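The structure under discussion appears below in the form of structure tokens.
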Amino acid sequence: MGSLESEKTVTGYAARDSSGHLSPYTYNLRKKGPEDVIVKVIYCGICHSDLVQMRNEMGMSHYPMVPGHEVVGIVTEIGSEVKKFKVGEHVGVGCIVGSCRSCGNCNQSMEQYCSKRIWTYNDVNHDGTPTQGGFASSMVVDQMFVVRIPENLPLEQAAPLLCAGVTVFSPMKHFAMTEPGKKCGILGLGGVGHLGVKIAKAFGLHVTVISSSDKKKEEAMEVLGADAYLVSKDTEKMMEAAESLDYIMDTIPVAHPLEPYLALLKTNGKLVMLGVVPEPLHFVTPPLILGRRSIAGSFIGGMEETQETLDFCAEKKVSSMIEVVGLDYINTAMERLEKNDVRYRFVVDVAGSELDN
């Protein structure tokens with residue numbers, strides 16, 4: 001690894017313990033290597049998994065922890081061997097900042113499935129230093145794990161695409177869920193689900209939103225552009241919709257029954273799990289075997305898919321519904337996120353907040 005001319009100190013907002021409360025934290029960036037870029041953070045989206053990590057709900061958290069993996073910024077320095085980016089370019093950093101680069105997954109541009117992947121925060125860099133995320137003034141990132149923000153994509157809009165956007169884009173491409181006219185269900189209308197609706201519509205699919213109440217029906221159809229809306233508690237309507245969908249993307253991040261949704265699938269239909277559920281899910285097999293249906297999973301996307309997501313959304317003018325907040329509001333934003341009180345994604349204006357640069 002190379003070294004900086006002088007050690008660079010930055011300020012971020014960190015959790016110190018499982019309470020998850022975030023407060024200012026000053027720390028040193030890792031030393032810049034020949035293939036690294038230094039990114040000044042402009043915006044960073046808030047993801048539900050940030051809450052999970054901050055509160056140690058998976059039992060794997062290390063503190064102090066600076067969260068944030070939907071990072072958009074500007075390149076301020078580059079290493080001696082960086083060819084991909086130039087100083088002054090707008091770039092993004094998603095959920096991972098490293099991998100082994102030699103396994104079967106890495107060789108197929110599926111770095112997110114590498115067993116040696118390095119998370120953007122709450123992990124350890126190759127040099128032994130802790131990774132810290134985007135709720136901070138700057139980051140040092142290997143150029144391989146940085147993507148370019150298209151010129152016609154607003155920076156604040158790009159942030160949610162680096163996690164929520166690629167989370168739905170990747171399975172749609174991998175499982176060939178992009179044929180115009182096919183019928184796709186979106187289960188759950190949160191940060192990931194609302195982008196699922198928009199991206200599916202951009203591919204030309206017929207989209208049905210499935211939710212536990214009708215509170216979001218008007219917005220789902222009139223604002224997001226969904227074609228149909230199902231209330232999962234309405235037994236009669238659910239029965240009428242049986243065997244009507246080619247596939248369902250399940251974005252719910254908490255335990256829930258699967259049988260009611262499997263029944264909505266046509267023969268050979270696929271239910272793709274996208275939510276990180278830390279509890280066991282239970283289901284009986286007849287809905288699967290009697291329709292040759294399948295349950296699959298998908299996790300974010302590789303670096304090529306992440307760039308493709310940004311380019312696709314820029315071309316199709318797919319935008320997120322966001323609420324931009326400052327770092328001084330971040331704890332309130334986390335509380336609201338826990339209550340599902342956001343339409344549909346918080347984005348933190350890091351550069352506009354009072355932090356050392």
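Here the Cβ of each residue, glycine as well, is placed from N, Cα and C on the backbone.
Per Swiss-Prot, the feature Zn(2+) 1 binding site maps to Cys47, His69, Glu70, Cys163; the stated evidence is similarity to another entry. Cβ contacts within 10 Å of His69 (Zn(2+) 1 binding site), excluding its own Cβ and spanning all protein chains shown: 28.
The NADP(+) binding site feature in Swiss-Prot is assigned to Ser49, Thr167, 188-193, 211-216, Thr251, Gly275, 298-300; the stated evidence is similarity to another entry. Under 8 Å, Cβ to Cβ, and six or more positions away along its own chain, Lys215 (NADP(+) binding site) finds no residue. In the three-state DSSP reading, Lys215 (NADP(+) binding site) counts as coil.
Annotation source Swiss-Prot lists Zn(2+) 2 binding site at Cys100, Cys103, Cys106, Cys114, citing similarity to another entry. The C-beta environment of Cys106 (Zn(2+) 2 binding site), restricted to residues of the same chain at least 6 apart in sequence and closer than 8 Å, consists of Ser99, Cys100, Cys114.
Nearest Cα neighbour of Cys163 (Zn(2+) 1 binding site) among the listed binding-site residues (Cys103, Leu189, Ser212, Gly275): Gly275. DSSP classifies Cys163 (Zn(2+) 1 binding site) as helix under the three-state reduction. When the C-alpha distances from Val192 (NADP(+) binding site) to the binding-site residues Cys47, His69, Glu70, Cys103 are tabulated, the minimum falls on Cys47. The Cβ of Cys100 (Zn(2+) 2 binding site) has 14 neighbouring Cβ atoms from other residues within 10 Å, across all protein chains displayed. Over all protein chains present, the Cβ of Ile300 (NADP(+) binding site) has 23 other Cβ atoms lying within 10 Å.
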